[in-house]
Each structure stands twice: as C-alpha cells, then as structure tokens.
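The structure appears below as structure tokens.
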Amino acid sequence: MSVLLVGVSHRTAPVPVLERVAVTDTDRPKLTDKLLASSHISEAMIVSTCNRVEIYAVVDAFHGALAEVGELLADHSGLDLTDLHRHAYVRYSEAAAEHLFAVASGLDSMVIGEQQILGQIRTAYASSDAQQAAGRTLHELAQQALRVGKRVHSETGIDSAGASVVSVALDRAAGIVGAGGLTGRTAVVVGAGSMGGLSVAHLTRAGIGRIVVVNRTRERAEHLADTARSNGVAAEALELAELPDAMAQADVLVTCTGAVGAVVTLADTHRALAQPGRDSERPLVICDLGLPRDVEPAVSGLPGVTVLDMESLQRDPAAGAAASDADAARTIVAAELANYLAGQRLAEVTPTVTALRQRAADVVEAELMRLDSRLPGLDDPERDEVARTVRRVVDKLLHAPTVRVKQLASAPGGDSYAAALRELFELSPGSVEAVAKPTELGGADLGAIDITDGFIAGQDPRLRRFVADDNRGKESQA
C-alpha cells in the first residue's frame, strides 16, 4: 500500500478553477466517504485551503486509484477530466510524502513561510481521523508532516516576517484606505473561523480603531470580539443579517466564510454605501479570502470600492521568507524525509524478520519434540540445557542476518533484501504482514514507467496527463 496525492493549487490553477474544486467543511466528510467507497482506496485525507485542494489516499493500485480520484474530483467540481488534468498534479509514494512535508513547512504556500497551513493540515488530519479514514499509513504521514512543519518554523527564520495571506491582503488594504493606513479605522471581519481569528489578530497589531465581527452565530462572533477587546480594541459582535449595517461603518472588510454563494452581495454593498452619514468619498476595501469567493463579482465595479481577492493576490504575491531561510527549511525537509522513509522501509521489513524468527522457534520446538521421542530417558535439567543450547545457536545464527537486513532495508531499494529473505526461508505470504506493491504496477519501480512527458502509456487519454512531468514536479516544490 502506498500514498497517492492528487492536487490542485495556486501554482497550477487560476482562482476560478480553485473555486470549482474547493472542498468546504460540509463537503469534506461526503467526499471522504466516496473515496473510501472506491475499490482501490483504504485511507483518505483531504487538505483544503484558500489556495489548494489535495487528496491523499492510501492505495493498492496506482492506475486504478488515480482514475477513481480523478473521476471523483471531476464530479465534485463539475469540471471535465480534460479540463481538470491541465491543472492537477500527481505525486506518489515518496514524492507524496516529500510534497506534504514541504507544504507543512510553508515552502509551497503563496506566501512562503506562512504558518496557517499547519493548522489546516491538522484540521484535515483530525477530520480524517474522526471518520476513521486514517489508518497506520496516514497517521504516520500526517503526524510526521506536522512535526516537520513545527521543526522548520522553530529552527529557521522562515516565518520571521509573520507573513500570511491575511497579512498581505491587509497590508495592501492599508495602502489604499489613505494616510495613516489602518490606524484608528473601522474593520468588519466576516466569519469567525481561523481566518477570522488571524484577521482580528493582524488588525489589532496594525492599530485598528474598531472591529465588528459578523458571523452566522453571534456566540462565535462574540468570542472573537472578546479577543479584540482584551487587546484594547473596541469590538462588537453581529449576526450575518446585520452585515449591511456593519459595512456602512467600515473602511476595510475581510471575509472568508467557506460558504457556497455570495455573502457580500451587490445589493447589500450598494445599500451600505448609501447609508446616511457615510462620506461618498470614503473608500471601502474588501479583502475576499474565501474559496469559493464570498463577494459577488459586480461589487468590484462600485465607485470607491476595491476588492482584493485571491486572484489579485496571486498575480502579485508577497516575497515571504528570505532565500536563506527557505534553503534552511528545505534542508530540514530533506533530512526529515530521509528519516521518515527509512522508518517506513524498516517497518515493511520488520514483519519478515518476525516471521523468520517465529519459523526458527517452530523448528526448534519440533526438533525438541523429536528429541523427547528418541531419548525419553532425558531428565528435565538435561532437556532444559539442550533446549537452551539449541535456542542460543539459532539466535546467534539469525542475529547477524536479521540485523543486517534491517540496515539494508532502511536504504532506498532495500525492500529487495526483505523479499530475498522471504524467498530463501520460504516464508509464506500468510505469515508475513509485508506491505504489498500496487498490483497494477506489478511490483515495478515507478522509474520504469515513462512519465517524462506527463503521460502513462495505456491509460484513458483523459487521465494520462494527471501524472506530472519531472519539471512540473520540481516547480511545485520550489
């Protein structure tokens, strides 16, 4: 069983495509169930953020699982497979682990070094675990990815600038609202999730004068408003129906709800701008960080309104971390990946070693029983000494090869040594819980498959280009 990754991100797709493939909190359990119902998938985890959707699946057949994931993603998004393949990327086995480690470290983010992705991976993992969709393989992969991300952020300066999509959007908003930036102004935050919390924190640090938190439930909005008040900022909590009134007071509005359909409509915005007492020359900057987008497209055409959405941020991304910090992060990722893969290979050979030792123990017991029948006159002390001697001999004979096979198996290509051990000692498949190679690959190395031009021979033409070529693979992890 190996891990297959199929994803779409800001590096490979425009925002309209990302909107189509976006997986909301409501969608995630349903799509996970569909993945688990597939014939080649035993575990599944879906990472969904404002600029990426990635499906991690533990599969027993590469080609079959790739077809199933592709078709499910196409069905979910409403995109044709031929459209989807132009924007999707595929990673398999070791490459899938490497990609997740890089993502968790903030190396693949639109703003290099941002920390929010760690929480988003944690959410994806928790959701998968809650649905019992994560088995041993995904548990180990996700937990290791979170550890790698934490290590990168604690041992490098990759996040020293404190940049995130929220901070980049609000920094740009500060330059639009006029002299003094955000200091003393009024901001409306729509949504009380993680992005809302991050927005409140950044606005507080920026010296905002007042924050209005708007949410479907007032209770969650009140919690964020309390956070702002505890930091000395005047704050108010409102329900979503009161959004137009809140907008009438705003200089900046930040929204990221994950809702399907517009939350900030043209009619509501027009009504807010027309409220008595609002200066017609007063600009309103709306930061739409939702995916799908929360703001109706026509809103950007209103006089005095500037909409900063993921598409505009994607066109002009922030610099993020310094090159030296990013290089240090990549070094950590490479080292942690090597350790993780060595551990995975060792885990695969351990059942073989256990089965070999059990086979030896069975042989010893059988021979001792034969000895009892041939020399019935042996007293107990003599028999015990013979048994101890035979077991010591067997242990000494097995010690060197079992230690050595573990060492060899932890290196790339080491699974062949475990296979040789099983062949030499005729260990039956039933006695060894070895991880099987994907059946459709017939145990072959992926390197033997021609993917240099993005195709896998023999596949449905609509699916072939899901497999990324070498250059694209490098770009996605740059």
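The backbone N, Cα and C atoms fix where each Cβ goes, and this holds for glycine too.
In Swiss-Prot this protein carries:
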BINDING   THR49, CYS50, ASN51, ARG52, SER109, GLU114, GLN115, GLN116, GLN120  substrate binding site
ACT_SITE  CYS50  active site, nucleophile
SITE      HIS99  site 'Important for activity'
BINDING   GLY191, ALA192, GLY193, SER194, MET195, GLY196  NADP(+) binding site
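Same-chain residues that are not part of THR49, CYS50, ASN51, ARG52, SER109, GLU114, GLN115, GLN116, GLN120 yet have a Cβ within 8 Å of the Cβ center of the substrate site turn out to be MET110, ILE117, SER164, VAL165. For the substrate site listed in the record, the two most distant Cα atoms among THR49, CYS50, ASN51, ARG52, SER109, GLU114, GLN115, GLN116, GLN120 lie 15 Å apart. The recorded positions close to SER194 (NADP(+) binding site), defined as a CA atom within 10 A of its CA, are GLN120 out of CYS50, ASN51, HIS99, SER109, GLN115, GLN120. Its own atom aside, the Cβ of GLN115 (substrate binding site) has 19 Cβ atoms within 10 angstroms in the protein chains shown. Within 10 Å of the C-beta of CYS50 (active site, nucleophile) there are 24 other C-beta atoms, taking all protein chains into account.
For GLY193 (NADP(+) binding site) paired with GLN120 (substrate binding site), the C-alpha to C-alpha distance reads 11 Å. Taking the Cα atom of each, GLY196 (NADP(+) binding site) and HIS99 (site 'Important for activity') are about 27 angstrom apart. Note: the Cα of SER109 (substrate binding site) and the Cα of CYS50 (active site, nucleophile) are spaced 10 Å from each other. Around GLY191 (NADP(+) binding site), taking its Cβ as the centre, 27 other Cβ atoms fall within 10 Å, counting all chains.
THR49 (substrate binding site) falls within a strand segment according to DSSP. Taking HIS99, GLN120, ALA192 as the recorded positions under consideration, the smallest Cα distance to CYS50 (active site, nucleophile) is found for GLN120. A gap of 12 Å separates the Cα atoms of GLN115 (substrate binding site) and MET195 (NADP(+) binding site).
Summary of the NADP(+) site environment: with the site residues GLY191, ALA192, GLY193, SER194, MET195, GLY196 set aside, the chain residues having Cβ atoms within 8 Å of the Cβ mean position are VAL189, GLY197, LEU198, SER199, LEU224, CYS256, THR257.
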